[in-house]
Structure formats: structure tokens, C-alpha cells
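The transmembrane segment annotation in Swiss-Prot covers 152-172, 193-223, 229-254, 266-284, 326-348, 360-378, 390-410, 431-452 and is backed by sequence analysis.
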Amino acid sequence: MAPPAARARYIANKADNQILSKKPPKRPGLNGNNKTKEATPAGKKKDKDAKKRNQPTSGGQEKGLPNPIMPSVQTAFKTFVSARLCSAIWAYIADCDETFNYWEPLHYIINGHGLQTWEYSPQFGLRSYTYLLLQGVPGYFYQKLFNPSPILIFYMVRCMLGFGCAVMERYMYKSICQEFGIHIGRLWLIFQLFSVGMFVSSTALLPSSFSMYFGCAALAAWWQQNYCFAIFLTAISALLGWPFAALIGIPLVLEMLLRQRDWKTFVQWTLISGATVAIPMIAIDTSYFGKLTFAPLNIVWYNVFTSHGPNIFGTEPLSYYIINGFLNFNIIWLLALQLPIMLVIDYLIVPAKSKSTLNFPHYISLAPLYLWLLVFFAQPHKEERFLFPIYPLISLCGAITVDVYQRIFFRMKSVVFKIKAGVHYLDHSMFIAILVMVTSTLLGLSRVFALYRNYHAPMDLMLELNQFKATPQYDPDVIYNVCIGKDWHRYPGSFFFPAKNFRLRFLKSEFRGMLPAYYDEGQNATKVVQPYFNDLNQENEHMYFDYDRCDFLVDFDEGKYTALEPNYSKRSKDWSVMKSLPFLIPEKSHKVLRAFYVPFLTDNHIQYGDFNLLKRKTKRNGR
């Protein structure tokens with residue numbers, strides 16, 4: 001429970017965060033009911049407020065001004081579910097790590113075959129099967145009960161992930177409205193709904209997305225001073241999801257130990273939470289790997305304490321995250337980065353009453369975002385998914401920055417034009433919030449449309465392969481080899497194959513790194529140590545397949561060819577084109593217009609190649 005002084009400041013702040021007319025209307029509570037009493041600013045008596053509400057004023061509600069838009073928690077939840085289901089259906093798989101490290105092992109758990117990466121080899125044990133079972137168990141029963149097409153299992157899992165994300169966002173929305181005010185909560189809601197980053201990450205089968213769900217839910221619990229629940233959610237995020245997500249919980253730990261001095265609760269719930277999550281996790285992973293395995297410890301050891309670590313997979317400059325942040329959050333990203341400076345300016349020129357929050361000052365409650373950026377910006381190896389856990393915080397900090405700009409604008413205007421006391425800052429500055437919301441929404445929709453248009457071809461192309469199952473040529477007793485060369489990283493996964501008798505095969509290309517291989521047949525396949533796996537990203541000839549044994553071939557024709565990467569579609573004696581879809585050629589396209597779709601302009605400044613699905617003409621083995 002917040003102290004009386006903080007509670008009084010919060011009540012004043014909540015009143016500040018309404019779009020006040022001269023005659024404020026009764027409004028529903030956060031849960032959509034009308035039982036919540038109107039907030040009374042600190043230092044004001046109810047009878048005086050009632051008299052003011054009964055006095056007619058020019059421009060008030062009696063002239064037909066609309067009620068303020070304050071979505072209830074249930075309304076917000078419905079919009080979140082709608083947005084995340086759209087992501088489940090239309091988002092493409094942006095990261096090959098998601099395909100090979102998660103969708104493929106999940107396919108193995110559900111259907112008994114799939115590709116294995118070196119991270120799942122028992123001698124390394126960097127990935128946890130426990131995390132996969134959260135999706136694998138529902139998918140397994142769905143498959144056994146209804147025997148659906150594999151692609152339906154894929155989209156069922158995605159819808160589950162999207163719904164889980166929406167539940168987190170609902171909880172966080174309520175907490176933000178309580179801690180930071182309804183105006184900021186409303187801005188955050190809009191930014192989340194139209195964020196490209198959330199569109200991509202919310203339904204991604206990645207531990208970093210899982211950590212986003214539970215890490216941000218932990219922050220929401222913390223802002224409500226539900227410390228025990230916050231610790232438990234942080235443990236789930238870090239142990240069952242991504243261990244580096246524990247970084248989000250550091251400000252929570254410091255606040256408990258240094259400000260609250262509640263060592264007993266912290267130690268007690270850390271032990272309870274750790275044991276509750278870690279013990280079953282170790283038991284499950286040990287049974288899969290055939291040896292004692294604690295995957296979170298292994299991945300931390302590999303990334304931090306080995307001599308090579310993740311840098312062998314590529315390094316990027318600091319600008320990578322700056323550009324990536326703008327692509328995923330556009331102007332909201334820029335606003336979030338400048339929040340610390342804007343809070344200082346706000347502190348210097350805006351009266352203190354306008355800066356209140358319920359429980360924590362901004363430098364504590366928002367510290368997880370900037371701590372995360374400080375740590376991950378400094379790492380040479382950068383991936384888009386590394387920022388997933390803080391995506392909702394980017395929207396929140398962007399919303400707070402907009403609110404600060406509104407306060408500063410009103411303060412400056414009130415000094416210059418001598419605005420009378422009692423006028424609310426939102427009456428004169430709401431155009432700033434509307435301008436930011438409209439701009440960010442248009443940029444977000446433009447980016448989402450560009451992503452779907454430019455990069456969705458591999459998923460659509462694999463769906464075409466499902467049509468082959470309905471032809472007389474299909475034989476359920478034959479293994480069909482679907483080959484892929486240089487475009488292996490664009491493969492969306494075995495769930496897109498029409499049946500269990502299709503296999504992905506790799507053709508040798510200019511790529512010289514480690515590729516996955518199929519799990520062995522049999523019940524103990526996850527326990528087998530394969531000699532061809534290594535943790536140095538070195539290629540192994542075992543992964544390559546004989547070109548002459550391919551039944552289908554997936555290839556992107558971008559106009560560049562080598563001896564190992566020929567134009568397969570031109571080999572008309574061997575192949576016929578089943579389907580060809582446009583796929584962006586980045587090097588031949590305008591940088592801005594390929595990133596954001598602009599009607600009447602984009603088509604004239606970008607270039608597509610043909611993403612082809614080829615079927616072998618000549619029969620083999622009598623087929």
C-alpha cells in the first residue's frame with residue numbers, strides 16, 4: 001500500500017491524466033463498471049468540486065463535446081487479442097533461429113521427426129526442451145485428436161502465443177494506468193497495437209518473446225508493489241525463457257533490497273521461485289538429453305565464458321540497433337531514447353504536481369529499459385530478437401515522452417499567454433499526442449504492409465507444395481526430398497510440408513557454416529551425440545544432399561549466379577516451375593521505400609526477384 005502522501009499525489013496525477021472539459025463527466029472504472037468514484041484532486045473538498053461541476057461554463061459538455069476516450073481493461077484486452085491474431089496469421093518468420101532452433105524441434109516432439117541443431121546436441125545442451133513442451137503438449141494432443149494438416153498446428157501454436165501476449169499486455173495496461181496515469185496508458189495502448197516490433201515478436205516462437213511476456217508482466221506486478229508475484233514471473237522469464245532476461249529484474253532487486261530493505265521476502269521468494277521453475281526443468285531436460293542438464297547455465301557459459309562465444313556468428317555496429325529500433329517503432333523509438341533528457345527538462349520547468357506517479361520515481365520504474373540498452377548495445381554480436389524483451393517498455397517510454405512534451409508545451413504557453421488557473425494541460429496540448437499517434441500508426445501500418453509484401457513469399461510458396469498431396473502423383477509411402485541451397489535461412493519449417501513423408505535437404509552453396517541435421521530415428525534420438533556437430537560454426541559435409549535425388553527444389557532467383565548457386569529454374573530439362581512469387585532484392589531497391597510502403601512511389605523504386613518452387617520433371621525409382 002502506498003503511503004498517504006504518495007496516494008494523494010497519485011490521485012492528483014490521475015486527474016491530470018484525463019481529458020478534462022469544463023464539466024467533467026462521470027467515467028467508468030478500469031474494468032468498465034460505473035462503481036468507481038470520481039477522483040478528487042488532493043487538497044480539494046468534494047462539496048466544492050460538486051459546485052464547480054454544476055456551474056455552466058462556455059465550451060463545456062453541455063455544448064456536446066465528446067467524452068474522453070479511456071478504454072477499459074476488457075476493451076483493451078479485446079483489441080490486443082485482435083492485433084495478436086493478425087500477427088499470428090500474417091507475420092512472417094524473420095529469423096532462421098526461430099525456424100531451426102524452435103519450430104523444427106517442436107515438429108520432432110509432435111510428429112516424431114524434425115531437424116536438430118548443434119545447440120540441442122547433448123554435449124552442448126544450450127536449448128531447453130521444457131520451453132518447447134509448453135507448445136508441444138497442446139500441439140501433440142491437437143494432432144492426435146484431430147489429425148489436422150501440419151500447417152494448422154503451426155497456426156494453432158501461433159494463436160496460442162498471440163493470446164498469451166495479449167494477456168500480458170492486458171495486465172500491463174492496467175498497471176500502467178494505475179502507476180503512470182490513464183493518459184499514458186491510452187498512448188501505450190495505441191503504440192502497442194500498431195507497433196511493428198510487437199507485430200513481429202508477439203507470435204514468434206522464441207525464448208526472447210517468452211521473456212517479453214513474463215518479464216513485462218513482472219514489471220507490471222512490481223509497479224503494483226506485488227513483489228512476490230514479480231519475483232516469480234522474473235524467474236519464469238529468465239529460467240524457462242531466456243536467462244539474460246534476468247537483467248530486467250535487477251532494478252526490482254535493488255529496490256527491494258536498498259529502498260524497501262525487505263531482504264527476507266526477496267530471499268524467500270527467490271528460493272521458492274527458482275526451485276519451482278528449475279527443478280522440473282532440470283528433470284525434463286535431463287530425461288531428454290540423457291545427462292544432467294541445466295540449459296540456462298549452459299547458454300550463459302557459452303555466451304559469456306567461452307573464448308569464441310556468439311561473435312563467430314557475426315558482429316554488427318551500434319547503428320544496427322538504432323536503425324532496427326526505428327524500423328520496429330519509428331518515432332516512438334526516438335522518443336523513448338530521449339526520455340531521460342526530457343525528464344530532466346520537465347523537472348526544471350514544470351511544477352512538481354504534474355510529475356507524480358503512484359509508487360516509484362521514473363528513474364526506478366523505467367530503469368530496466370535503459371539498463372538493457374546499455375548492456376546489449378555494447379555487445380558485438382547483435383540480433384533483432386535480443387531487444388524483444390523490452391519492446392513494451394519502448395512503447396511505454398515513448399508514451400511518457402509524449403506526455404512530457406505536452407506538459408512542457410502547456411507550461412511555456414501558460415507563461416507566454418497568461419492562461420488562467422484551473423485549465424488542464426491536455427486542453428491545450430492534445431494535438432501533440434494525436435499527431436504522434438497518427439504518425440506512428442501510419443508508419444507502422446506502412447512497415448507491416450512492406451514486410452508482408454516483400455518477405456512473405458517463402459511461407460506462401462511452401463503452402464503451394466500442399467497442393468501436390470491432392471494430385472494422382474502423390475504416393476504416401478514414398479519419402480519426398482525438398483531441396484534448398486543458398487536460401488536455407490528462409491525456410492519456414494517442416495510444418496509447411498503437407499505430410500510426414502516430406503524431408504528438407506540441403507544443397508551445397510557458398511555458405512560455409514554449420515547446418516542442422518535430422519534427428520535419428522528412435523525414442524532416444526535426443527540423447528545421441530552426433531560427431532558432425534560443433535560449436536564453432538564449422539561446416540560439415542554430412543549435412544549436404546545429392547542434387548540428383550531431389551524431388552522438389554526451392555530457389556530464389558535474384559540475378560546473381562555461381563557454380564554452387566546456379567539458376568536452377570533455367571534448367572528446364574530437369575525442373576518445371578510449380579509456383580513463382582516475388583521476393584525483394586534489397587541491394588537493388590531504395591532503402592527507405594523498401595522499408596516503408598508508400599503508394600505510387602514504392603513500386604517504382606524497388607525490385608523483386610522470383611522465389612521459385614520447382615518440381616522435377618524426370619521420374620526416379622519408377623515414379
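Every residue gets a Cβ built from N, Cα and C, even glycine.
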Which sequence-distant residues neighbour the transmembrane segment (266-284)? Criterion: at least 6 residues beyond either end, Cβ under 8 Å. 128-130, 133, 227-228, 231-232, 234-236, 239-240, 253, 256-257, 292-295
Using a Cβ cut-off under 8 Å, which residues of the same chain at least 6 positions beyond either end of the transmembrane segment (360-378) come close to it? 179, 219, 222-223, 247-251, 255, 259, 318, 321, 336, 339-340, 343, 386-387, 389-390, 393-394, 396-397, 400
Other than its close neighbours in sequence, what residues sit by the transmembrane segment (229-254), given a CB gap under 8 Å and a spacing of at least six beyond its ends? 128, 130-131, 134, 207-208, 210-211, 213-219, 221-222, 266, 269-270, 272-274, 276-278, 281, 296-297, 299-300, 303, 364-365, 367-368, 371-372, 375, 389-390
Outside the transmembrane segment (193-223), six or more residues from its ends: residues with CB under 8 Å to it: 79-80, 83-84, 86-88, 91, 93-95, 97-98, 102-103, 106, 131, 135, 157-159, 161-162, 164-165, 167-168, 171-172, 174-176, 178-179, 229-231, 233-234, 236-238, 240-242, 245, 248-249, 252, 255, 327-330, 332, 358-360, 365, 368, 384-395, 440-441, 444-445, 447-448, 451
Given a Cβ distance threshold of under 8 angstroms, which distant residues of the chain, six or more beyond its ends, lie next to the transmembrane segment (326-348)? 191, 195-197, 200, 355, 362-363, 366, 369-370, 384, 391, 393-395, 397-398, 400-402, 404-405, 407-408, 436, 439-440, 443-444, 447, 595
